[in-house]
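Q: Among the features that TrEMBL reports, domain 'Cationic amino acid transporter C-terminal' is placed at 495-544. Annotation source TrEMBL lists transmembrane segment at 51-72, 79-100, 112-133, 145-164, 204-224, 244-265, 277-303, 323-345, 377-395, 440-458, 464-483, 495-516 (among others).
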Amino acid sequence: MADADSSSIAASKNSSSWLSGFCAAARRTKAIAPASSVGEGLVRRLGLLDLVLIGIGASIGAGIFVVTGTVAHDAGPGVTISFIIAGLSCVLNALCYSELSSRFPAVVGGAYLYTYSAFNELTAFLVFTQLMLDYHIGAASIARSLAGYVVSLLELIPLFSDAIPKWVGHGEELMGALSINILAPIILLLLTLVLCWGVGESSILNSIMTVTKVLIVLFVIAVGSSEVDVSNWKPFAPNGIKPILTGATVVFFAYVGFDAVANSAEESKKPQRDLPLAIMGSLLVCAALYIAVCLVITGMIPYQHLGEEAPLSEAFKSKGLKYVSVIISFGAVAGLTTTLLVGLYSRLYFGLGRDGLLPSIFANIHPTRRTPIHSQVWVGLVAGILGCLLNVHVLSHILSVGSLTGYSVVSACVVKLRWDDAETSQVPDRKRSSSNKTEVIIYLVSTAACGFAAGAIFRFSTKYIFMILPTAAAIGLVAALCSRQAYNTSPPTGFSCPGVPIVPSVSIFVNMFLFGQLHYEAWIRFVALSIVALGIYASYGQSHANPEST
């Protein structure tokens, strides 16, 4: 009996010891010198133009060639406003990203790194898993779309007309659960090889393809503007404001390329100067092109007649301009190729392998090509399996989960780091001193909850007056955050996000509002993946992590 009691006590102590160790590990942060020049192993080859083209290449693709028609069917010409709303939301996110990419210009990791520095290790790992699943699913879905466009172009040749099996590029259903597509993983393999060959070579390919598709889009705008009938814009919002706001959540992913710029920090020649300029520059270029294209195609033909899969091509066909539709198909191939190339270009696995949260094999750099070849192959492999076997139509509805949550955390990092700066520098003119750093986290999390609540109320068509409650609560939280101001008015170095803490707080609220309107499967994905990530961290990451790594 005594032995049983002693064993029980020992087990209890071991359990308590493991839990305390887990909590201590989860709260760890990574200290990074703001003006650090680390970047061991990776070669700095990317200039400002390269970074801008990476951002544009990651953004302009399926959004401009496909989703425009889908949203226009519900929002009408108001799809233009949908793109404006989504663009404004991304501007807020980009301002926060720009400050952090300037603050930590020489290290790889993006949102993961920022979270590791501002909050803690566990939160950073959770952000990583949500973002990487977005990258994997997004790459797989884009590869399947690209395969379909390539096959469609080949079928223009009489030799291949109606002679290519569905399983090659368009996908063939199998057993109701699988959809076989052979060309998609082949495309992913080829682009993965390009990325493994070297960032300089992949940057050249991305630049060529990005310039090509931008020129094609400008050509489409120029030719299409002469075919616009302004009467097609009336009424501008035929179904009211709700489809426009819902459309903004759909087109949000069309802008999410600027984070790829932040993830290129260690390969940028002048990161502190170029990263903020590239982030904002690529975002503004994309927004201008999206708005112009929306106005042109909804002005060319009535929105009801726009195709959902290829709206641009079909709009020009309806006007007898078939040669333009062929050019658009080539533009779609170029657009989807660059989007896929940048989507596969991820250094997050490399960063986590270097920090010990994942096996060190992910941090290995090829001795001659100077690229993280193992992490790059893994990204391509996972995307290739998904692209080959799965119809990602349903998965596409949950693509924005990682982006919206990750961007919200990035916005929160700006406020938290400013708060911490003042705590260490003892700013003399702050309104009130506070050493309780948990306070700012409570404000930010509560603001996010209010945004989600407002979005969920709007999504489920409850009386919209109830949206006033979470919105008013969020305003009160931001006001309280301002009144408890305990952070510097600007970061130590580089670009400064204006209006802190208001701008980051509004960014969090808007992101979570959009999150609240996603399909319920997106919420399930968020919870399920968080549980899986927690298990991986508990079983491996916490005991192998090395926050002191550089």
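Here the Cβ of each residue, glycine as well, is placed from N, Cα and C on the backbone.
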Q: Could you give the number of helix, strand and coil residues in the domain 'Cationic amino acid transporter C-terminal' (495-544) as assigned by DSSP?
A: 39 helix, 0 strand, 11 coil
Q: Where else in the chain does the transmembrane segment (51-72) make close Cβ contacts, counting only residues six or more beyond its ends and a cut-off under 8 Å?
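A: For the transmembrane segment (51-72), the list is 79, 82, 141-142, 145, 203, 206-207, 209-211, 213-214, 217, 243, 247, 250-251, 253-258, 260-261, 264, 268, 274-275, 277-279, 281-283, 285-286, 289-290, 293-294, 297-298, 303, 306-312, 314, 328, 331-332, 335-336, 338-343, 345.
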Q: Near the transmembrane segment (204-224), which same-chain residues lie under 8 Å Cβ to Cβ, leaving out any that are not at least 6 residues past its ends?
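A: Here the qualifying positions are 49-50, 53-54, 56-57, 60, 64, 194, 285, 289, 292-293, 296-297, 299-300, 312, 315-316, 321, 324, 327-328, 330-331, 334-335, 337-338, 341-342.
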Q: In the same chain, who gets a Cβ under 8 Å from the transmembrane segment (145-164) while lying at least 6 residues past its ends?
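A: That would be 62, 66, 170-171, 181, 183-184, 187, 326, 329-330, 332-333, 336-337, 340.
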Q: Which whole-number mean pLDDT does the model give the domain 'Cationic amino acid transporter C-terminal' (495-544)?
A: 90
Q: When you scan the chain for residues with a C-beta under 8 Å from the transmembrane segment (323-345), skipping those not six or more beyond its ends, what do you find?
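A: Answer is 54, 56-62, 64-65, 135, 138-139, 142-143, 145-146, 149-150, 152-153, 156, 187-188, 191-192, 194-195, 199, 202, 205-206, 209-210, 212-213, 216-217, 219-220, 223-224, 257, 260, 263-264, 310, 312-314, 316-317, 376, 379-380, 383.
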